[in-house]
Amino acid sequence: MTETAKRPLYVPHAGPSLLEMPLLNKGSAFSTQERIDFNLQGLLPHNIETIEEQTERAYSQYNLCNTDLDRHIFLRSIQDNNETLFFRLLEEHLEEMMPIIYTPTVGQACQEFSKIYRTHRGLFISYPDRERIDDILRSATKNNVKIVVVTDSERILGLGDQGIGGMGIPIGKLSLYTACGGISPAYTLPVVLDVGTNNPDLLNDPMYMGWRHERVSGAQYEEFVDLFIQAIKRRWPNVLLQFEDFAQTNAMPLLERYKDELCCFNDDIQGTAAVAVGTLLAACKAKGEKLSEQTVTFVGAGSAGCGIAEQIIAAMQLEGLDEAQARRRIFMVDRWGLLTDDMSNLLDFQHRLAQKRADLGAWGGQQGDDLALLEVIRNARPTVLIGVSGQRGLFSEEVIRELHSHCKQPLVMPLSNPTSRVEATPQEILNWTDGQALVATGSPFQPVQVGDKRIPIAQCNNAYIFPGIGLGVIAARANRVTEGMLMAAANALANCSPIVTQGEGAVLPALGDIREVSKRIAVAVAKQAQAEGKALHTSDEVLNDAIEANFWFPRYRAYRRTSF
């Protein structure tokens, strides 16, 4: 327990208003003296409980819920009433509840957002209010915000445009910053930019709570986002801003525009890439191979897939390959087939990842013919197969068996969310490779039984990366998030892998260990920030103390009454 946690907290609120503040409310855990001092007598049942007793009751209530969506709604109601209790409950049941507060259940919660809405959380910034964004930010009840997660809801998981329902993603993401990375909920703020929706189901839904208008795009959209960014810089100049679930047409351009202007990153592009590279590095270490020796095929060439590919290329270069050599080991397949330089419909960020058609002469086919996934597997002979397509079943039995025919222990990563959109299930992949493949998925899966072996499945979850990045940035007071910091995070994650440290188990650590993993990642990220001049240099002791001081644990502090 830190010295801060031992000290009493001076609180100017009292009576019913105190009970309505989720950051301060202790419910039945207010002591007798606190009930007297804060005018709470008669507002709570007589018995005074510990947080352990409250958590036990909450968990028993949780178990009465019939569906995952009901469980999500229940947990969110606790969060909106008592954040300390919510995070203690989450802390004690993290592996069980992470799929409920975030993927895959959060996808359904986003779809049903207007129907299950209970109370306010975060900021809704609508296009019609664009001239009042500074006023809106001043309305935030939290003054010392250190992390903002913002979405425009156009690409929510694999579900597409969800309008303001996308608010469920920043809320869930920030819950994981706290649960996994120890960042106080008092420092976090979820934001949705309501620029309308092109989802006809929402536009025609009488219960939809967002701006009922087609999406703003082009120059109007860019101007609106810039108004928001500039207002954020004025309100919280040192904040870490995370872009979340923007469509690929906007995600990369926004990141490129603002990455050198404020401390920001895009988790879909950079966080996904970092955890994927960390997984690859762990698999390579376990097999006694180098990342630079691998050949990687992607299915899905959007901003997330291309972001992963670029970070793999950077990691290969760190192992001695030049850029051209590294790029020749990456094969990107989308709906049109393998990306090649003779395609006329390539997006800006895809050009550098397209293979030269002239180099593929031995593959057969005429100029302009599509090269489908199976043909790429046969000719490129990859050792790693990564799916970010959002299309169920693309990793067919024929594809996986062809992959396995030339690689004894391939790494297969069907990363698409939610579970219904995964390219292949771990059971299928392991059945088709005689249990020899290494598997990491984007959604949670139970261990798989193959013969007499029970094989744990690593969830290649961004929650292994972004909480540690956030903690490291806050502790070091870094002013930017760089590619070097992301690579440091990936290496730190790989070094925590059970298959590396113990020689067996899953490719990634158990979720039960994620808070300690986040601390290790935070140290690596902070040291890299210092090495690059993005944070003031300190001794290791001072840095470790800063990380511990910023690592919040859900426990109640004693309260003392004060005035404003």
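Cβ from N, Cα, C; glycine included.
The active site, proton donor feature in Swiss-Prot is assigned to Y102. Long-range C-beta contacts of Y102 (active site, proton donor), restricted to its own chain and to partners at least six residues apart, with a cutoff below 8 Å, comprise G172, K173, S175, L176, A463. Y102 (active site, proton donor) falls within neither a helix nor a strand when secondary structure is assigned with DSSP, and so counts as coil.
Annotation source Swiss-Prot lists NAD(+) binding site at R155, D268, N417, citing sequence analysis. For R155 (NAD(+) binding site), the Cβ neighbour count at a 10 Å cut-off comes to 25, with all displayed protein chains included.
The feature active site, proton acceptor is assigned by Swiss-Prot to K173, with sequence analysis given as support. Residue environment of K173 (active site, proton acceptor) contains 26 other Cβ atoms, counted within 10 Å of its Cβ in all protein chains.
Marked as divalent metal cation binding site by Swiss-Prot: E244, D245, D268. Secondary structure at D245 (divalent metal cation binding site), taken from DSSP and collapsed to helix, strand or coil, is coil. Packing around D245 (divalent metal cation binding site) is summarised by its Cβ count: 24 other Cβ atoms lie within 10 angstroms of its Cβ, all protein chains included.
Among the features that Swiss-Prot reports, site 'Important for activity' is placed at D268, with the record citing sequence analysis. Cβ contacts within 10 Å of D268 (NAD(+) binding site), excluding its own Cβ and spanning all protein chains shown: 26. In the three-state DSSP reading, D268 (NAD(+) binding site) counts as helix.
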Exercise for review: Using only the residues recorded as binding NAD(+) (R155, D268, N417), report the maximum Cα-Cα distance in Å, whole number please.
Suggested key: 12
Review point. So which binding-site residues are near D245 (divalent metal cation binding site), with CA atoms within 10 Å, out of R155, D268, N417?
Key: R155, D268
Check your understanding: If you count other Cβ atoms within 10 Å of each one's Cβ, which of the binding-site residues E244, N417 has the most?
Key -> E244
Check your understanding: So which binding-site residues out of R155, D268, N417 end up within 10 angstroms of E244 (divalent metal cation binding site), measuring C-alpha to C-alpha?
Key -> R155, D268
Practice item. Please state whether DSSP places K173 (active site, proton acceptor) in a helix, a strand or coil. Key: helix
